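Participant: Sharing a structure below in structure tokens format, with a few things to ask.
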Amino acid sequence: MPSRKFADGEVVMGRWPGSVLYYEVQVTSYDDVAHLYTVKYKDGTELALKESDIRSQSSFKHRKSQSSSSSPSRRSSSRSRSRSRSPGRPAKGRRRSASQSREQKDDKKKTIQETSLALVVLVLLKPSENNTKRYNGEPESTEKNDTSCIPLEQKLKPDLEIKHVLEQYSLRSRKDDKKTEELFSEKKTFVAVKPIEKVPSKTKELEFGGRIGTFMLIFLLPATVFYLLLMCKQDDPSLLNFPSLPALESLWEWRVFGVFLLWFFLQAVFYLLPIGKVVEGLPLSNGRKLQYRINGFYAFILTAAAIGVLLYFQFELHYLYDHFMQFAVSAAAFSLALSIYLYVRSLKAPEEELAPGGNSGYFIYDFFTGHELNPRIGSFDLKYFCELRPGLIGWVVINLAMLLAEMKIHNLSMPSLSMILVNSFQLLYVVDALWNEEAILTTMDITHDGFGFMLAFGDLVWVPFVYSLQALYLVGHPTTITWPVAAAITVLNCVGYYIFRSANSQKNNFRRNPADPKLANLKFIPTATGKGLLVTGWWGFVRHPNYLGDIIMALAWSLPCGFNHILPYFYVIYFICLLVHREARDEHHCKQKYGLAWERYCQRVPYRIFPYIY
């Protein structure tokens, strides 16, 4: 095993990937398996570099001094040899030296002119490329509204293009070029270097309370779901009135579990249908991009058609309400089995396919957060499928079942106004998510979090059975509201939806095409990664305007339930805690990723979610 050359904490010169530029970096760690150094640039950017791409600071100074000292010695030895060969012709020798001096001056002029030409060509070819200060997180200007900014990897053009232009406009004679080619052909000085692959290192900073916290959450999350469902079944769902526990045998029924499996695999069939466009996700640590089929909205339409057929043949959809607790238990059992399968298969996954946040080496923590980033069976992406399909579409089906159950139990010819508002608001939210399905590919769930118990339980149990809490509450606790109150709640939901959708669209459009003329009025802070941080529009108002819109909508979903009990407001309380925690995670990751640029963004946009409050 080769010994490491640079120690942790040592300040060295690291080559920026894809270029020949070296910058001052600090060694933070070393991977003995991949033989890669993790280095940190001045702007906070961390990269994995090979030892051949790192040099000591003294080597740069040594080469510079050696080059400057060697030139006079060569000139003096050249003059001494010239005098020894022609001792009887000193005048002519002096004239020859003078002519050589003029040739050297001409060569210097040509070199300077070629250098100037090269700089002009570089500017023409790369008009928006960051200079040395920008690589170090020190842009020339704090804000920009230049929409020609593109990702860094697209701006680094191949050197062959520059070489071709220089050959066309070279000021040297072909004879000199031929000599130069012969000189470099004798001793090859350029070696092809393979692209640097950043191998995920061990997760050092544990979230969710570490091993103890994740162990407790594995039991606390299912207990919370069952507690909320039992409370909604009570006549008095107050916090002090703890529900009685049902018999264990009443919580399980194989027929219900079979219906759940049928639902899950039906959505899997819709996912595999060759309809909808195929897009690429963000680059992985090894540079590869996975492909995803965007057909969630088509799956929703097919599901709606299937439900319509069942209702036409008088299928009792309120069966879902009558066995609601058993469906929740079936979903929890399936998510646990899926989580075990995901962890077992992740043990054989390659190192580069592991999740950045779930590679701690601790069984409980990795089992909860997810060890593998994108587990797939062939082209079937398990995490991406569960993120939007069975749970999110199932949420709408559950709401519809609650609406029909309310009409049957209370002998209503039409559902109550409160139930209509809840169903309409949440239906809009789900349809919007499925219509803009491609936007989920840039979220933390897809790019950072592995697929483990946290996401499996959240997607299959928490989302459909907790997010439908308001509809379940209204079945057993009908609430009457007036039309003016309903109109005010509707306006509130529309305001929240407008903030949520316009903020997300603004961010996604800027990421997809910063040069869009529609975004010409937006200003941004350039970063060392080549991406920009928006400081105008919604993202100049607060750092997470989409979270603000989400919370406003969550409040609008709970208001139709009245103020008799706090139970229907559990969702908005939980959602505020969830988004504040997620915002803290985003803050931590963005600070590591963008460095000084993120600090300037925080100074420019001081409020995180709630303006003038938080």
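Every residue number used here counts from 1 along the chain in the order it is shown.
Note that Cβ sites are derived from N, Cα and C of the backbone, with glycine treated the same way.
The domain 'Tudor' feature in TrEMBL is assigned to 4-62. Residues or ranges marked as region 'Disordered' in TrEMBL: 53-111. Per TrEMBL, the feature compositional bias 'Low complexity' maps to 66-75. The annotation compositional bias 'Basic residues' is assigned in TrEMBL to 76-97. Taken from TrEMBL, the feature compositional bias 'Basic and acidic residues' applies to 102-111. Residues annotated as transmembrane segment in TrEMBL: 212-231, 251-273, 294-313, 325-344, 455-475, 481-500, 521-542, 562-581.
Help me picture these features in the structure, burial and contacts included.
Facilitator: Sorting each residue of the domain 'Tudor' (4-62) by its DSSP state yields 9 helix, 27 strand, 23 coil.
Note on the transmembrane segment (212-231): residues 237, 243, 245-246, 324-325, 328-329, 332, 364-365, 367-369, 453-454, 457, 461-462, 465-466, 469, 472, 567, 570 of its chain, located 6 or more positions outside it, place their CB under 8 angstroms from a CB of the stretch.
Remote same-chain partners of the transmembrane segment (325-344), defined as residues 6 or more beyond its termini with a Cβ less than 8 Å from a stretch Cβ, comprise 222, 225-226, 229-230, 246, 250-253, 256-257, 259-261, 264, 366-367, 370-372, 375, 382, 451-453, 456-457, 459-461, 464-465.
Long-range neighbours of the transmembrane segment (481-500) within the same chain, counting only residues 6 or more positions beyond its ends whose Cβ lies under 8 Å from a Cβ of the stretch, are 417-418, 421, 425, 428-429, 432, 538, 545-546, 548-557, 559-560, 562.
Same-chain residues lying 6+ beyond the ends of the transmembrane segment (562-581) with a Cβ under 8 Å from its Cβ atoms: 228, 231-232, 237-239, 418, 466-467, 469-470, 473, 477, 479, 481, 544, 547, 550-551, 554-555, 609, 614.
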Participant: Other than its close neighbours in sequence, what residues sit by the transmembrane segment (455-475), given a CB gap under 8 Å and a spacing of at least six beyond its ends?
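Facilitator: Contacts with the transmembrane segment (455-475): 221-222, 224-225, 228-229, 232, 237, 264, 321, 324, 327-328, 331-332, 334-336, 338-339, 342, 370, 383, 386-387, 390-392, 394-395, 398-399, 402-403, 405-406, 409, 416, 418-419, 422-423, 426, 445, 449, 557-558, 560-561, 565, 567-568, 570-571, 574.
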Participant: Can you work out the mean pLDDT of the predicted model over the domain 'Tudor' (4-62)?
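Facilitator: Per the prediction, mean pLDDT sits at 80 for the domain 'Tudor' (4-62).
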